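**Student:** Input: one structure, supplied below.
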């Protein structure tokens, strides 16, 4: 229940009186703390009297509403608060029942005294005292009376011999209870009766002065000091003093009085807590001002963390305290032992106002702590108010691309914690999506897996990178393609983002005209280096082919065929030929080529170790290199080359030409055909694995039934013959109508017929159908696959050119080579200007320009909906002209060289506007004349209408007269008829 008795020790943050039990004063502090104690987690509770560390409340340094206790305790326990910043404030928390049980147990069967004190029945209590009480009853009654602020009861007990210095089992005397009750009258009576004003409790944590200061009772503090209470009492050097408790009670009167009485403001113990630290951590601005006026050291540091008062104030979120400290000269970039500035702490605790205050006075938003983290890293750790804090830091110059000691950038943390809004916000500030952690995970990798909804922002950024000048239909129209969103200025690699896009499976981004145009320009820059690489390989394969054909291609070096050779018919002639000048020259050139290829492959392996072994051509090149090394020395006997080298020569020759095919396939326009070949080849391998059992079954059957044929003499030849028969080479006549007689007729024909149907027809047609299906699928995605191959190729070449292996070259040569490989050589060439209506501009293919124009038109259709509402009153000319100026201003900011051109365009637009305004004036004059003419006609029409109205009225009168005459005639006729 809420009837909780809370007794503080000397290090408590606040001390309240016995009214906490009855809640008669309804103190908000008492209610909050009673509710907090009620809802202490079970793991923090102990039976009976216990000491409780209430860091969750005390670290907040403010009292919270009871309804917010659960939320606050959860949030605080989730915070990362170091041990040095935790304020250790031991309390002695007892339930009221425990305290009452203690008093009753001490009184034994004589509980009537207890009831009389609580009921405040003075007459009965007086009679009970006069009747005679034991010393224990008097002492316990004195404690109970002080606990319940019963002055007359105290007087009665003292007069009857109660010991004023008696204490309970925790060492608390009646003066302790009176100070907690803020009862000045009880304190006077006890002091006058000989109570010790400097008595400590059992654990030496509090004196009556401590308790009075903690309650914030100025009168009690003053009374105790006037009665020689020790102002400098302290359990140990550096421990909390009386002044600390007065500050925590936020009693400015007590703080000022204690200082005037000589309380120590600045601690003499190094790194110990000072009064200013307490005021800053509690957020008590008034007490802080008093301390600063009295000379408190604003640079004092606390604990092993070495926190300053400014660190503690922003940790508490007290912007008032932080402002006071900054106004008094506190350094906004002061660092603690972890190299954290107050801005780090404010960002970590999501204090938006403190961050704003620190930034206003010039705090460094890019300061790095011991883990190389900036305040922007800390702002993203939590999820409550991180968006506002991140936005504020970015607006004040925080760098979103800073990596900590583990390689994490703020975007990594935002994506890892699934803060999509923060990721989108950071992407607006040109973040490097290719930045990798120490484990090799990029920002884009985190985004794809944790915040996929933020990828739409990347498309929006790409779209906004394509703008225009003038109307797209005009002759002077320009399309402006800005590559800043694609190429990070902090990295040498220009294709890093495109490579990440491919690696993470988001290939559709490559179809954006921004990516396509960049890849086209990049290929124009890179292809010279790729052609150089291809040239060296063609030289190598030419030398290898000449060497093999001049040695192994000559039948004179084969013992079985040497009899047909007339020129090299002896061993001496054959040895002279193998040692001839041109063979040795080919060997030397081949060695140089092999060394060149080996060095190139080693460089590639060091630059891209993870991706290197995933390529088939790299494996083939190493195999070729090993095989060629085995061919450089010719093992001969009597002038004949060893037979095993012929196998190696044939294998190396075919593998080298296959690698040449793969290299040619890297060309953007030829890669599709080579890719078709490789995919169909792999599919054929999988196809054969799936149906190998069927092929083996027919092979074994034919080996049994047709064992008289040499083609099925053994299993090896039988499999080859069966595969050949799959292609249509059945040789039916030779098998069934030749000179050989079928040993097992009937069964042989049936199995042969089954082979014809199942293998030659069904299986082969199925294989062809699968190949055709794969080719059709490739043709559908040919453009996208081409972009993927182009991306990987330019990325591969660029990584090699910017690796450290080329540093042996002269600096100017190296810089020239690297500049020739980049699309954006400097920060002044971010933008590519295209003239879509100029047939001479052929830098970008027309289909890419058409895509860019489509994006611009689609964006223009979305924008006018709001602008038309604003400009509808003026005219349609307003939107057409005003919409182009923001883009032109952006052009001037991006490229100062276009200022004169832009000014000329503005002048031309101004002249055009004047012509349009003159036209509008003419139209307005014409409209006024038409309106005037219409006004005159309306007046004439009004007059004519009035005349017609008069004539119509006269006509109506005439009709009425005719009706009267007709009526008279009818009456006369009726009268005449009656008479007749």
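Placed from the backbone N, Cα and C atoms, the Cβ positions cover glycine too.
What TrEMBL records for this protein is below:
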type	residues	note
REPEAT	170-202	repeat 'ANK'
REPEAT	204-236	repeat 'ANK'
REPEAT	271-303	repeat 'ANK'
REPEAT	305-337	repeat 'ANK'
REPEAT	338-370	repeat 'ANK'
REPEAT	371-405	repeat 'ANK'
REPEAT	406-438	repeat 'ANK'
TRANSMEM	529-549	transmembrane segment
DOMAIN	540-781	domain 'Ion transport'
TRANSMEM	619-635	transmembrane segment
TRANSMEM	641-664	transmembrane segment
TRANSMEM	684-706	transmembrane segment
TRANSMEM	750-775	transmembrane segment
COILED	903-958	coiled coil
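In the displayed structure, how are the listed features positioned relative to their neighbours?
**Tutor:** Across the range of the repeat 'ANK' (204-236), the DSSP-based residue counts are 17 helix, 0 strand, 16 coil.
Beyond the repeat 'ANK' (271-303), the same-chain residues lying 6 or more positions past its ends with a Cβ under 8 Å from any Cβ of the stretch are 13, 61-62, 84-85, 87, 237-238, 240-241, 243-244, 246-248, 250, 252, 255-256, 259, 263, 265, 309-310, 312-313, 315-318, 320-321, 324-325, 328-331, 334, 336.
Sequence-remote contacts of a segment are chain residues at least 6 beyond its ends whose Cβ falls under 8 Å from one of its Cβ atoms, and for the repeat 'ANK' (305-337) they are 60-62, 82, 84-85, 271, 274, 276-277, 279-285, 288-289, 292, 298-299, 343, 345-346, 349, 351, 353-354, 357-358, 361-364, 367, 369.
Same-chain residues lying 6+ beyond the ends of the repeat 'ANK' (338-370) with a Cβ under 8 Å from its Cβ atoms: 79-80, 82, 305, 308, 310-311, 313-315, 317-319, 322-323, 326, 332, 376, 378-379, 381-382, 384-386, 388-389, 392-393, 396-399, 402.
Looking only at the repeat 'ANK' (371-405), the predicted model's pLDDT averages out at 89.
Long-range contacts of the repeat 'ANK' (406-438) within its own chain (CB-CB distance under 8 A, at least 6 residues past either end) are made by residues 371, 374, 376-377, 379-381, 383, 386-387, 390-391, 394, 400, 444, 446-447, 450-451, 453-454, 457-458, 461, 484-485, 488-491, 493, 496-497, 499-500.
Panel annotation: around the transmembrane segment (619-635), residues 544, 547-548, 551, 578, 587, 590-591, 594, 597-598, 601, 613, 641-642, 645, 648-649, 651-652, 655-656, 658-659, 662 of the same chain, lying at least six beyond its termini, place a Cβ under 8 Å from a Cβ of the stretch.
Here the transmembrane segment (641-664) has Cβ contacts under 8 Å with residues 533-534, 537-538, 540-541, 544-545, 548, 551-552, 557-558, 616-617, 620-621, 623-624, 627-628, 630-631, 634-635, 670, 674, 677-678 of the same chain, all six or more residues outside its ends.
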**Student:** Which bits of the chain, at least 6 residues beyond where the transmembrane segment (529-549) starts or stops, bring a Cβ under 8 A of a Cβ in it?
**Tutor:** 583, 586-587, 589-590, 593-594, 596-597, 600, 628, 631, 649, 652-653, 656-657, 659-660, 663-664, 666, 793, 797, 801, 821
